[in-house]
Every structure is written in C-alpha cells, then in structure tokens.
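Undergrad: Sharing the feature lines straight out of Swiss-Prot:
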BINDING   CYS31, CYS34, CYS50, CYS53  Zn(2+) binding site
COMPBIAS  286-299  compositional bias 'Low complexity'
DOMAIN    27-296  domain 'CoA carboxyltransferase N-terminal'
REGION    286-311  region 'Disordered'
ZN_FING   31-53  zinc finger
Amino acid sequence: MSWFQKLMPSRIRTDASERSRSVPEGLWTKCGHCSAVLYRPELERNQEVCPKCGDHMRIGARRRLAGFLDAEGQVEIGADVQPVDALRFRDSKKYRDRLAQAQKGTGERDALVAMQGRLRGMPVVAVAFEFSFMGGSMGSVVGERFVRAADTAREQRVPLVCFSASGGARMQEGLFSLMQMAKTSAALARLSEEGVPFVSVLTDPTMGGVSASLAMLGDLVVAEPGALIGFAGPRVIEQTVRETLPEGFQRAEFLLEHGAIDQIIDRREMADRLHRILAMLTHQPAAEAADAPEAGEQPSEATDPVGEHWD
C-alpha cells in the first residue's frame, strides 16, 4: 500500500478497491501501432481496426466472415474434415499435441473456415484463414476445405472470395502440405475455366506457400492496409542478400506501388467494395452501399489509384 493510500480513510480505500474489482478484464486494449488505449467493445464494432490510427489488427476467421457475409443463410463447407498425423511427426513437440493445443486455443479443427452464404444478397462462397491456428499454416485439411469451397463455387457458379492470413505450408505434414499448393491451384484453374470470379484478399500476414499459390491467383488481388505479403520474411531476405531492404518492403502499399496487387481496401469497406466489383463481374445489379466510414476514419481511396475504375 502506498503512503497516499494509507492517508485515505478506510471507507474510501474500500470503495476504490471494489470499483477496481468491478471492471471486467479485457475491457481495454492497446493499439500496437499508435499505443492508443482502446475500449474493446468499440474496437470490435470497428472490426478490429484502430479508430485512432486505422491500424488493421489481426482478426479471427469466423469473426471476419461474420462481418463480411450476410447474417442469414450461412452454411459451413468441409467442417467434417479433420487433421491426422499421418507422418507421426515430432520436432520439439509431437504434431498431434500441437494440433490439440491449437484446437483448444481457437475452437477450430484446423486453420481454414469455409462458408457458403450471401454478400449483400448476392450468393457467394467465402473462406478465411485462422492465423491463431498454427500460424494459419496450410496442411491437408486447409487444402481440402479450400478445394471443396472452390468446387462448390464452380458447381453453383457463384463467386469465391478468400481471405489469406498464413505463414505458409505446414512443415509438420511434409510433402502432404506442399502438395496443397498444386491442389488448390488446380481447383482455381478449373474455376477459371468456367468463368467464375475469384477474389483474393491478402491480410496480415500472407507468406510462404500460400502466397506462392492460391493467394496470388485471384482474378482480382486486393489487400488490407499495411499487410505483410511475400514468400520469405524480410529478416531472412536481408540475411541472405546482405543488403538493407527498402522501407515498407513487402507491405501492401509497396506491392500496390510496384503493380503486384490491384487494390488496397479498408476492412470496414471490404464487403461493400467487393459486392460492387462482383456485381459488375457477374452482370448483377449492386445493392445500395452501406453508410460511409465515420469522420476520422481512413477511406481506402487514399491508397487505391485504380478504385475509380472498379467503382
């Protein structure tokens, strides 16, 4: 107890202690970019985008899809597919133990969630990586769920949207994991042959085998602001080439400037913007856009030189 607290009457000390205990844990959080203290419910309403600086924080797969798709009519694809330890792999820990830990921590069976639903009334199939599940790494289950989602989109002739957030292929599955790069790419080739649109949304981070396969195969490739996108990480590249990388290297803005992606879209505008784009690509009428971002929010047009073309 501090000297100031000792001088306080006991009743005041008790009241202050009770007020402190009445504040729920996790009610406040801190922005890792601008260090602003944020009210957690407000941050959740803002889709995990800092209302002070616009930093796009990482968000879980189900929360992302819930904010992207219409609330009604969502049907999960491939929920029955479960991972197995076919190689009985072990590094510092058994693979099956890592799976159990990730499943307990996230509530997911693996690192990809696939949903069939509607986007502003338009039928779509959407998939999202769960980065909290072993770094969103792509193994057999991720590949199988993605292929099922792509096949569903192809059979029903509805657009496919993928939100990538992955460190790459899952090393614990060896060649089974690497094969998913070819497997998912082949599924997207079949989708393309049928003329069904595929939009790839790159979020922070999209790296390794995922960036080298499905993530870059979209008819439209967009990214969230500030997303780290590449194959090897910047530290690995610097150690290999022994040179200092340019500022912002591998960030979404750098890739847009150099023509590697098509647009940068604010997460809060993602559903409306992609709905309008997909309506144009599928020759459907677009529903009215939702309200514009509130004052102080950063619209994506500031980093989107081709936005007018798609709008």
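Including glycine, each Cβ sits where the backbone N, Cα and C put it.
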Undergrad: Should CYS50 (Zn(2+) binding site) be counted as helix, strand, or coil on the basis of DSSP?
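TA: Looking at the DSSP assignment, CYS50 (Zn(2+) binding site) belongs to neither helix nor strand, so coil.
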Undergrad: Give me the count of other Cβ atoms within 10 A of the Cβ belonging to CYS53 (Zn(2+) binding site).
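TA: Cβ-Cβ neighbours of CYS53 (Zn(2+) binding site) within 10 Å number 12.
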Undergrad: With an 8 Å cut-off on Cβ distance to the CYS31, CYS34, CYS50, CYS53 Cβ center, who else from the chain surrounds the Zn(2+) site?
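TA: Nearby residues not in the site list: GLY32, HIS33, SER35, ALA36, LEU38, PRO51, LYS52, GLY54, ASP55.
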Undergrad: Looking at Cβ-Cβ distances, which residues of the chain lie under 8 angstroms from CYS34 (Zn(2+) binding site) while being 6 or more apart from it?
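TA: For CYS34 (Zn(2+) binding site), the qualifying residues are CYS50, LYS52, CYS53, ASP55.
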Undergrad: So what sits near CYS31 (Zn(2+) binding site) in its own chain, CB-to-CB under 8 Å and at least six residues off in sequence?
TA: VAL37, LEU38, CYS50, LYS52, CYS53, ASP55, MET57
Undergrad: Is it possible to get the count of other C-beta atoms within 10 angstroms of the C-beta of CYS50 (Zn(2+) binding site)?
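TA: Around CYS50 (Zn(2+) binding site), other Cβ atoms within 10 Å: 19.
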